[in-house]
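One structure is given below, represented as structure tokens, and several questions about it will come after.
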Amino acid sequence: MRGGTVQINWHDLQPVLSLDFHPASGRLATAGADHDVKIWVIGSDGSEDKLPTATFQSGLAPNGTAHSSAVNVIRFSPSGEYLASGADGGGISLWKLHSTDDGEAWKAHKTLLFHHKDVLDLQWSHDSTILVSASVDNTCIIWDAIKGTVHQKLEGHLHYVQGVAWDPLGQYIASLSSDRTCKIYANKPQGKSKNAEKMNFVCQHTLVKIEFQNHDESKPPVKSHMFHDETLPSFFRRLAWSPDGSFLVLPSGLSKHSSEVINTAYIMPRRDLSRPAIQLPGASKAIVAVRFCPVLFRSCGSNSDGFFKLPYRVVFAVATLNSLYVYDTESVPPILIHAGLHYAAITDIAWSSDAKYLAVSSRDGYCTIIEFDNDELGQPHILSGGKGVAEGNITCEKKPLSGDSMEVDVDASKIKMEARPVAVRVALPPVLAEDVSLRTGELVEGNVICENKEQATVESIEVDAGANKVKTAVSPKPVEVTPPPVSTKNNASSKPTKKRITPIAIN
């Protein structure tokens, strides 16, 4: 693994607000506050001491800029035929790939106009025919990308919608807002006739608060919001589904056990999207983006430390305002940590389709590119039939656990920046949600330190679309995974334009 900040003029030193890799060619598209979208060729000579390179290929609008305002998000369609870009002012542009004598070119295809305020996030359906957008006007819109028309408008948020995620199996849409709620929309077609609408999303869950039992049993439980409010210093809360659709990861989370507030991300199992099953706290800054590696990897054969009973490994990246964590589903601590990457907030993250590159964009005007060696993350796993997993592939072993929390020593020989073992604290509920399998065997028998931790419940609102019924769901306390501490010592000189921060990596 090698990588770092590529110091080139990405967008005239303006903030880089989004980026994405083409699923076939591997080209990197970036969007900036300079109103433009640019296409780059990412390469490497394989040298251990050299960073990956980025070579400018083209802009989407050779004679001007792609938009008349800052471009907040770009996403390639899964087919690779289209590129969608969303900008300030509410405009969404669809660009189509054309073959030319010089190679390839992206040409304006359609303009989608319905939002009346800034578009902050976009997501394609798995078949590249539907696009969903999130906006500062407090709404999400489902677009027919082929016709360029509005299919459905999703309302209900009371503040900016800063992230949206499309279930790869097509059953759910999730949105995350600065009103401190996450809404889960389920597809419930209307009618049974042949002409009935096949796509009709209704709000099934609204995640609002998490409840903790007070240390003093004589006092009532303490409730706190699950997410940051509008003071979060980022316009983005980019949530994401796993590529197999088995779970959803929500950024911008808060975990408040007492007076201490911990930044976290929530993992939502597919079978029960009304409550989180796992928390990933420990970040010093708020988590603003999640992105899954599109490649599934073969199981390592021993996932006693993991949380999911899957026949393969899923790898995903979590970005805070100033750092990057990479997790997989067969280990408790992150498999990679980068800190001190940029001088300003991270805005987006993206994986190449072959899992070779992981890219990060920032408001400081630069991008970081991390290159992985062949099979460094593992051997690719091919799903039978090329389809996503069924809902039942994440299960729970319903058995009482020996304690509410444990500490696990991580092998110090595997940590480059630390010469001593690092303790990873994992808080465990008495019984976990039905979707998640805690692989506790060897861990429970090893060095386990039990503490009298407060138990927690999650408050959510479930709406029955067929009747005017609202009910409250209560769940066990989510699992907490605290990554090893990371030293963020700034090794840069007093002149940041001359020398940038050296990333700190753990693998």
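Just so it is clear, glycine is given a Cβ too, placed from its N, Cα and C backbone atoms.
Grabbed the feature section from TrEMBL, which reads as follows:
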DOMAIN    3-377  domain 'CAF1B/HIR1 beta-propeller'
REPEAT    16-40  repeat 'WD'
REPEAT    64-105  repeat 'WD'
REPEAT    112-144  repeat 'WD'
REPEAT    154-185  repeat 'WD'
REGION    474-507  region 'Disordered'
Count the CB pairs under 8 A between the repeat 'WD' (112-144) and each of 16-40, 64-105, 154-185, then give me the winner.
64-105
Mind checking which residues of the chain, 6+ beyond the ends of the repeat 'WD' (16-40), have their Cβ under 8 Å from one of its Cβ atoms?
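Residues packing against the repeat 'WD' (16-40) from afar: 10, 54-61, 65-76, 78-80, 83, 85, 87, 95, 104, 106, 294, 347-354, 356-357, 359, 361-363, 365-367.
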Would you mind splitting the repeat 'WD' (16-40) into helix, strand and coil residue counts from DSSP?
0 helix, 15 strand, 10 coil
Taking all residues of the repeat 'WD' (112-144) together, what is their mean pLDDT?
98
Could you put numbers on the helix, strand and coil content of the repeat 'WD' (112-144), residue by residue per DSSP?
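Looking at the repeat 'WD' (112-144) with DSSP, the answer is 0 helix, 18 strand, 15 coil.
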Per DSSP, what is the helix/strand/coil residue tally across the repeat 'WD' (64-105)?
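The breakdown for the repeat 'WD' (64-105) reads 3 helix, 24 strand, 15 coil.
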